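Taken from TrEMBL, the feature domain 'ABC-2 type transporter transmembrane' applies to A:58-235. What TrEMBL records for A:20-38, A:58-76, A:97-120, A:132-153, A:165-183, A:219-238 is transmembrane segment.
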Amino acid sequence: MNLGYLALELRRVLREPGTLLFIIGFPGAFYLLEAVIFESQWPARSAIDPGAVLLPAMAGWGVLISGMLVGARVMNEREAGWQRQLRLTPLTGGGYLLGKAAVGLLVSIPPPIVVALAAALFRDVRLDLGGWLFVTLVITLGGTPFAVLGLLIGQFGNKKNTQQIIIIGMLVLAIFGGIFIPLDSLPPWFTYVGYATPSYWLIDLGRAGIEMGGDPMRAGLILLAWTVVLAGAVIWRYRHDSARN
Amino acid sequence: MTGGRENLGQVKNPEGMDETLLSKAERRDTAVHVQGLRKHYGEVHAVKEVDLTIKAGEVVALLGPNGAGKSTMVDMIVGLTTPDSGIVRVFGLPPRQAVLEGVIGAMLQEGALLDDATVIEMVGMVASLHKNPLPVREALRKAGIEELARRRSTKLSTGQKQRVRFAVALVADPDLLLLDEPTAGMDVRRRHEFWHSMQEFTASGRTVMFATHYLEEAEEFADRVVFLRDGRIVADGSVAQVRSLAAGRTLRATISGVSEPAMRALPSVVNVEIRQDKVAVLSSDSDTTLRALLSRFPHARDVEVVGVGLDEAFLALTSRTRTSEGELS
Ligand SMILES: Nc1ncnc2c1ncn2[C@@H]1O[C@H](COP(=O)(O)OP(=O)(O)OP(=O)(O)O)[C@@H](O)[C@H]1O
Ligand SMILES: [Mg+2]
């Protein structure tokens, strides 16, 4: 991996005024807000604490938006012709992907940590060490396909449509991943569609941390498969997208 | 060999065209080798059947009006655009491989700077991607932008941006530099400064090809001038030849029953244009041409001889009317 390239990419992302807001402010605030809303509707005798149930969902949401928004930024440099300039360097499609995805991943580290802190400090959520790891670092790693997906959208989109595609994409992924509304409170077909989305498996992976998810190995493998397919598309596009626009 | 070429000099070498026949030494000596290159966009044939060989160390100006296909040529040589057909070799390598080896540096026609990075960050990033880059400071110095190092690219003037892009191209320490209208948007003084930094680069024996609209740039800074029009090379010669072309004269006359081959057969004729009975002949030695013309066509009327500037010579070569097209292709 090329450190000079990675360092500048990371600096550029952090320089953007909105970045800190959505990697630190957004997910924590969302978590606390949702917790308040859900608590009022929660069956009093339920064994599960809403603060804990929302933890993987909101941590996943933070990872998902950070990865996708950071990835989609490549649209700007493509439109400016910078990507054509990069194509005149020995940077390969794989190197390009690694650099960009690494930045997306690094930026996705803080959101679940902020959510976890909010859960522990304000909602008295208690997990064992493995549980905390799942809802923070593991869920960040599981977010790789979203960083790559954002990248892919930025590689195909233009100034006019990228914003819309990203927003619609994030909402669709959130709904079928059960991020805002738990899927078991919706008609079963939501769950069936959910199986086909990476967001469902991201939350499933996180829920392993609160002992509510499925087999984390299975979720991890499905997310890996998503990553491989999307990464292949990104590399292909980088190699072929050199036309003037 | 294509018909459209006015071979002013540069005898083409039909042998050694196939890269497999090129020896190692030839590869080192041939910076760019282009053969049978074609590219079309829908109905538009941007480049049609171009053959071009540039020797290492040459400084070549690619001259042509808007839409002539200059940028398309440059893009194909650096490997950003895939030709429909034809061969491109840069120091014996296919473009992508030449880029990987750090052989090519290019300044493309369009923008290509990051809005959210400083000059030194951009040049530094590109340097970090190359195998054997120049020190970043040195690239900035060579491009004459040391004092702009910490400036964001949004806060640069057009001319300054151009020089940042020049630094980005230079930092690879390439053997071949391709510049697509590098001085567009610069005032005269900036243009001079730019070419001054350029000369430092070419003095080290490196190869440069630049696309331009400015004749005086081609004349002043190139060893060789290639005229492109409608996707074809219509003339290719040394600067001295272009100068003599500029020193040429246009002869006009009305001659009934005139034919183009007959006119072209006259001595020192560079170009012929015929509209009905009216002939315009571009000559590198008007006295000789005029004598021959009068002896061969004693009935010629309205004879006049006018001087042509480089501009007119350029126009004659690059924007010839369709009447002579048939003869050309
Ligand atoms: N991506 C593209 N899609 C469609 N047509 C194109 C594209 N790129 C170039 N062309 C067309 O190909 C022709 C040659 O264009 P090119 O940009 O190579 O000319 P040029 O000599 O560089 O002109 P200029 O001096 O204006 O830069 C033009 O007619 C142009 O409209
Ligand atoms: Mg051009």
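Here the Cβ of each residue, glycine as well, is placed from N, Cα and C on the backbone.
Those TrEMBL annotations? Automatic predictions, nothing curated.
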Open item on the list: With Cβ-Cβ distances below 8 Å as the criterion, list the same-chain residues six or more beyond the ends of the transmembrane segment (A:165-183) that contact it, or say none.
Closed with: 34, 53, 57-58, 60-61, 64-65, 68-69, 72, 146, 149-150, 153, 157, 190-191, 193-194, 196-200, 202-203
TODO: Return the stretch with the most CB pairs under 8 A relative to the transmembrane segment (A:97-120), choosing among A:20-38, A:58-76, A:132-153, A:219-238.
DONE: A:132-153
TODO: Report, as numbers and ranges, which residues of the same chain sit near the transmembrane segment (A:219-238): CB under 8 Å and 6 or more residues beyond its ends.
DONE: 83, 87, 93-94, 96-97, 100-101, 142, 144-145, 148-149, 151-152, 155-156, 198, 201-202, 204-205, 208, 213
- [ ] With a Cβ cut-off under 8 Å, give me the same-chain residues at least six positions beyond the ends of the transmembrane segment (A:58-76) that come close to it.
- [x] 13, 16, 18-19, 22-23, 26-27, 30-31, 34, 83, 100-101, 103-105, 107-108, 111-112, 114-116, 135-136, 139-140, 142-144, 146-155, 157-159, 162, 166, 169-170, 173-174, 177, 179, 199, 202-203, 206
